[in-house]
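Database features (TrEMBL):
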type     : residues : note
SIGNAL   : 1-24     : signal peptide
DOMAIN   : 1-371    : domain 'Major facilitator superfamily (MFS) profile'
TRANSMEM : 39-60    : transmembrane segment
TRANSMEM : 72-92    : transmembrane segment
TRANSMEM : 104-126  : transmembrane segment
TRANSMEM : 173-194  : transmembrane segment
TRANSMEM : 206-226  : transmembrane segment
TRANSMEM : 238-258  : transmembrane segment
TRANSMEM : 264-285  : transmembrane segment
TRANSMEM : 297-316  : transmembrane segment
TRANSMEM : 328-351  : transmembrane segment
Amino acid sequence: MFLTRTRPSRYMGVMMMLWAVVSALTAVSKDYVGLLLTRFFLGVTEAPYYPGAVYLLSIFYTRKEVATRIAILYTGNILATAFAGLIAAGIFHGMDGAGGLAGWKWLFILQGAVTFVVAIGGYFLLPDFPLTTWWLTQEEKDLAYNRMELDTVANKGETSTWKGLQQAAKDPMVWIFCAMAHMHLAANGFKNFFPTVVQTLKFNTTITLVLTCPPYLIAGAITILVSWSSGKMNERTWHITVSKAVAVIGFVCAAATLNTVGRYISMVIFTIGTYGVNSLILGWCGSVCGQTKEKKAVAISMVTMIMNVSFIWTPYLWPKSDGPRYTIAMASSAAFSIATAMLAWIAKLIMLRRNRALRASDDETTNFYVY
């Protein structure tokens, strides 16, 4: 909500600088309490970034464009996941003991330093709103503003921050997107355990780290392709359904076989099937729940918050005793994927009903809810 009442470039830039400082200070933590405090403040400073970035994209790009842009943004997360193990291994190997500091401390110092430099660039270069971005010409500002006004269904202009919160909380579609995103990210619970799953292939540590990369690299490309196709066809429900069907096949096969090649291919399949959906859900939410910019900001924040709650409980689906098949986790992830697709179809049915109501109220209406 605060993002709509300030300059997004300044707000997000400052929060990322603070995140960088907290990350670097993790290196001075000496006990459990210190690590707990730094992790808490890392969460506080990181929280505005992803919903803020999605919101910024949603106020500049139309319904047909936004999913692809969110996918490109999310690819950064995918690539970070792909290379995190290799980067950490390189730092541990090359800098452990340098300057009297352990390798893990250098890891936090370096990621904090790099992020701080990037955040400075973001402070000056990130856009604010279509009519107030300093590096756009007046003609470009007007174009950016007018096309988004025309693209918004049931546009209600601006309202108060509190009213935007009320609008989002009372809209059942916001809660459906929250549930859909939560189920989607629950199916993505393998993210934090992927090296463990790959380790069941029984290669050494180095090979295991290398093998974690290809599935994410392929998933990044597929994510952009699925989002581009969704925007091109102006369709979301079938794209989510097909992606989740692919993920289900991957989860089932991964639980069913311990064959090295077959199991690794299954990992690739459920990774690409899962990651292709994230940008579709958030883009869909921004398109459908954006009657006011305040409501859109709150809706995206609510969906992002509730989807990430899944990371609190999904680790309990991966007990070490369930390896190497991890049947509980794989079966649960398949079920969550099916639930995501079912919620997408419920959302579509609601959008169809709302569109019929729009047609009934005004025969000349040309702007409808997307599904």
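Positions of Cβ are set from backbone N, Cα and C atoms, glycine also.
The model shown is predicted, which means the values in this text are computed figures rather than measured ones.
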Proximity of the transmembrane segment (328-351) to the transmembrane segment (72-92), 3+ C-beta pairs under 8 angstroms: no
Overall pLDDT of the domain 'Major facilitator superfamily (MFS) profile' (1-371), taken as the mean: 88
Contact call for the transmembrane segment (173-194) against the transmembrane segment (39-60), three or more Cβ pairs under 8 Å: no
Top Cβ-contact partner of the transmembrane segment (297-316) among 39-60, 72-92, 104-126, 238-258, 264-285 (pairs under 8 Å): 39-60
Outside the transmembrane segment (39-60), six or more residues from its ends: residues with CB under 8 Å to it: 3, 8, 11-12, 15-16, 18-19, 22-23, 26, 66, 69-70, 73, 126-127, 129-130, 144, 148, 282-283, 286-287, 290, 293, 296-297, 300-301, 303-305
Outside the signal peptide (1-24), six or more residues from its ends: residues with CB under 8 Å to it: 38, 41-42, 45-46, 48-49, 52-53, 55-56, 108-109, 111-113, 115-116, 118-120, 122-129, 132, 161, 164-165, 293-294, 297-298, 301
Folded-back contacts onto the transmembrane segment (264-285), same chain, C-beta under 8 angstroms, at least six residues removed: 54, 58, 63, 66-68, 70-71, 73-74, 78, 173-174, 177, 180-181, 184-185, 187-188, 190, 194, 197-198, 201, 211, 214-216, 218-220, 222-223, 225-227, 230, 236, 239-240, 243-251, 253-254, 257, 299-300, 303-304, 333, 337, 340, 347, 370-371
Distal contacts, the transmembrane segment (206-226) - CB-CB under 8 A, six or more residues away: 68, 71-72, 74-75, 78-79, 81-83, 85-86, 89, 194-195, 198-199, 239, 243, 264, 267-268, 271-272, 274-280
